[in-house]
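Listed features, source TrEMBL:
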type	residues	note
DOMAIN	1-204	domain 'TLDc'
REGION	205-237	region 'Disordered'
COMPBIAS	207-224	compositional bias 'Basic and acidic residues'
Amino acid sequence: MTLLLWMLPEKIILNNNEWNCLYSGSKHGFSMNRFSSQVFKYPGPTIMLIRAEILPPKRRSFNNNNNNNNSNSGNIIILGAYVSNQWHSTNSSKNCFGSEECFLFELYPTYEISPASKKNSNYVYYNSSVGIGFGGLATSGLTSSKIVGMEENSFVLQLDNTLQFGKYRVDPYRNLAPTYSLSVTREFIDIDFEVLEIEVVGTGGRNSKEKQEKEQRWEESEAAKRRRSLRRSSSSRVDKEILKLAGIIDVESRSRFERTKSSII
């Protein structure tokens with residue numbers, strides 16, 4: 001916790017706001033739907049923490065003698081992101097949200113902060129069918145609009161849409177300008193990992209949490225109204241069909257009567 005405090009913007013520390021755990025994968029479930037229901041509508045800044053296990057290296061199509069980042073497969077890595085803006089969906093392949101206050105960090109085994117480079121605005125990407133990404137695009141490059149997989153997109157830190165697997169990659173040789181500053185401890189990073197836990201903590205204080213809860217209550221109320229309306233509509237249709245089958249409502253006779261009445265008029 002002390003390391004996190006050192007990283008945060010001064011205004012967060014000085015405000016001394018109450019922090020709230022908005023989402024925990026082990027508590028709420030590892031899914032994009034559960035994530036959005038717990039984190040969306042929170043109007044304050046948040047911190048995402050990822051505790052994961054490093055997976056064995058995948059076979060690569062290039063040779064980089066300086067890269068041995070995945071040699072510690074089975075070891076624990078702790079990564080995270082500070083997100084300054086309210087979370088929301090970015091369904092376009094090239095739309096992101098966030099601000100220059102956003103940054104990425106690694107707490108373990110290496111301690112390192114990657115602040116925004118201010119070279120582009122690809123801070124945070126959220127798409128329920130793709131996953132969550134930081135510092136890049138869901139496509140293979142600026143000229144493409146086709147969403148691609150983890151090996152081809154340009155995210156620095158990403159989670160798949162199950163929130164169970166991810167990738168941490170820093171590649172100074174990519175054609176895209178980096179959204180976050182490159183690592184000062186390693187020239188190249190390419191780590192695949194399996195998620196053990198994800199937590200999102202709200203740092204906006206009690207007011208931000210109360211606003212989120214108010215929005216959630218309103219949405220639940222509106223959803224309940226829609227369900228009741230659908231049930232009434234469905235029940236009315238079923239009742240009518242039952243009466244028709246029982247011969248109490250003769251649809252054909254009524255239709256002939258309406259046509260005869262219309263022709264007389």
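Every residue, even glycine, has its Cβ placed from backbone N, Cα and C.
Note that the structure is predicted; figures quoted are calculated from it, not measured.
Sequence-distant contacts of the compositional bias 'Basic and acidic residues' (207-224), counting only residues of its own chain at least 6 positions beyond either end whose CB sits under 8 Å from a CB of the stretch, comprise 17-18, 20, 22, 37, 41-44. For the domain 'TLDc' (1-204), the model's average pLDDT works out to 88. In terms of DSSP secondary structure, the compositional bias 'Basic and acidic residues' (207-224) contains 18 helix, 0 strand, 0 coil.
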